[in-house]
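The feature domain 'Deacetylase sirtuin-type' is assigned by TrEMBL to 33-307. The annotation NAD(+) binding site is assigned in TrEMBL to 58-77, 140-143, 249-251, 275-277, CYS293. Among the features that TrEMBL reports, substrate binding site is placed at TYR102, ARG105. Among the features that TrEMBL reports, active site, proton acceptor is placed at HIS158. Residues or ranges marked as Zn(2+) binding site in TrEMBL: CYS166, CYS169, CYS207, CYS212.
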Amino acid sequence: MCFFQFTARRLVSQAHCGLKASSSKKQKFCLEMARPSSNMADFREVFAKAKHIAIITGAGVSAESGVPTFRGAGGFWRKWQAQDLATPGAFARNPSRVWEFYHYRREVMLSKHPNPAHIAIAECEKRLSKQGRSVVVITQNIDELHRKAGTRHLLEIHGSLFKTRCTSCGNVAENYKSPICPALAGKGAPDPDTEDAAIPVEDLPQCEEDGCNGLLRPHVVWFGEALDPGVLTAVEKELDICDLCLVVGTSSVVYPAAMFAPQVSARGVPVAEFNMEQTPATNRFRFHFPGPCGTTLPLALARHETEIIS
């Protein structure tokens with residue numbers, strides 16, 4: 001069965017769990033699902049047997065590296081929140097302001113490093129690959145910290161801060177220049193009293209393909225835009241075969257990523273959530289481990305005593 005084909009319908013039916021019960025059997029099921037385990041030894045037994053592990057990560061896994069999330073109280077750049085700037089409309093109205101925002105984010109990320117959670121995931125992938133087992137990371141983050149940590153099997157569903165896409169020819173390219181163009185040097189300060197740089201469009205990042213010179217935009221998925229269907233197809237394939245799923249540092253409220261783990265759980269696959277606090281999806285999972293991911297995840301993904309290392 002195609003993973004996404006019936007996702008919305010299934011999630012709607014699962015959403016009633018605990019709110020509306022028509023039988024004692026359903027009540028018992030909902031009660032059991034409302035009590036995820038925090039027993040690390042039990043999780044480790046499941047982990048030791050898993051052949052295909054999918055790890056879904058969100059902003060929480062990078063927060064311990066000092067990456068600003070721009071979500072919730074205080075999540076402002078100047079006087080705007082991310083949802084005010086990360087839209088096609090905002091870019092069309094004021095590409096200079098949007099590029100200042102992303103230039104700031106790029107410069108911040110160049111100074112950040114993977115934390116123990118990123119490293120634990122990358123080391124786990126490398127170790128298990130030698131055992132004929134697979135680990136895939138499906139991340140909502142655009143900061144590339146998983147890549148810096150050494151993760152190879154990585155699906156970045158929201159794109160990357162360090163890729164650009166031409167608004168004219170559509171070319172996508174990696175770009176690690178600092179600054180990304182001369183006009184943005186020293187720009188992008190987050191202080192609310194900072195005035196817009198009002199950089200002319202022709203001085204903003206331009207496409208370097210022969211004869212193009214089109215205006216570049218960050219190659220990230222903005223609010224109101226669809227995810228890349230190719231990436232979604234790859235995610236679908238990985239989630240269809242996984243026999244263990246980890247949800248790490250995500251609020252489970254941003255769609256469609258919020259659907260991934262509940263759908264995996266609905267087909268009986270163990271799901272373990274690692275997060276500072278419970279989320280709207282917690283009660284659908286078998287395990288929940290509260291606390292900083294950089295503390296809980298290295299223990300969870302460490303070599304199990306039954307592993308055979310060649």
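Using the three backbone atoms N, Cα and C, a Cβ is placed for every residue, glycine included.
TrEMBL entries are annotated by machine, without manual review.
Note that the structure is a prediction, hence the values are computed from the model and not measured.
Taking a C-beta cut-off of under 8 angstroms and a sequence separation of 6 or more, TYR102 (substrate binding site) has the following same-chain neighbours: LEU161, PRO218, VAL220. Across the domain 'Deacetylase sirtuin-type' (33-307), the prediction's mean pLDDT works out to 95.
Those residues of the chain, other than CYS166, CYS169, CYS207, CYS212, with a C-beta within 8 angstroms of the mean position of the Zn(2+) site C-beta atoms are THR167, SER168, GLY170, ASN171, GLU208, GLU209, ASN213, GLY214, LEU216.
In this structure the alpha carbons, written CA, of SER62 (NAD(+) binding site) and ARG105 (substrate binding site) are 13 Å apart.
Cα to Cα, MET276 (NAD(+) binding site) and CYS166 (Zn(2+) binding site) are separated by 38 Å. A simple way to gauge crowding: the CB of CYS169 (Zn(2+) binding site) has 13 other CB atoms within 10 angstroms, across all the protein chains here. Considering only the binding-site residues ARG105, CYS166, CYS207, CYS212, GLY66 (NAD(+) binding site) has ARG105 as its nearest partner by CA-CA distance. Listed in sequence order, the residues of the same chain lying 6 or more apart from ARG105 (substrate binding site) and placing their CB within less than 8 Å of its CB are PRO68, LEU161.
Spatially, by CA atoms, the recorded positions HIS158, CYS166, CYS169, CYS207, CYS212 include one closest to GLY249 (NAD(+) binding site), and that is HIS158. Here GLN140 (NAD(+) binding site) is positioned 31 angstrom away from CYS212 (Zn(2+) binding site), judged by their C-alpha atoms.
Counting every protein chain shown, 25 other Cβ atoms lie within 10 Å of the Cβ of GLY249 (NAD(+) binding site). Rounded to the nearest whole angstrom, the C-alpha distance between CYS169 (Zn(2+) binding site) and GLY58 (NAD(+) binding site) is 31.
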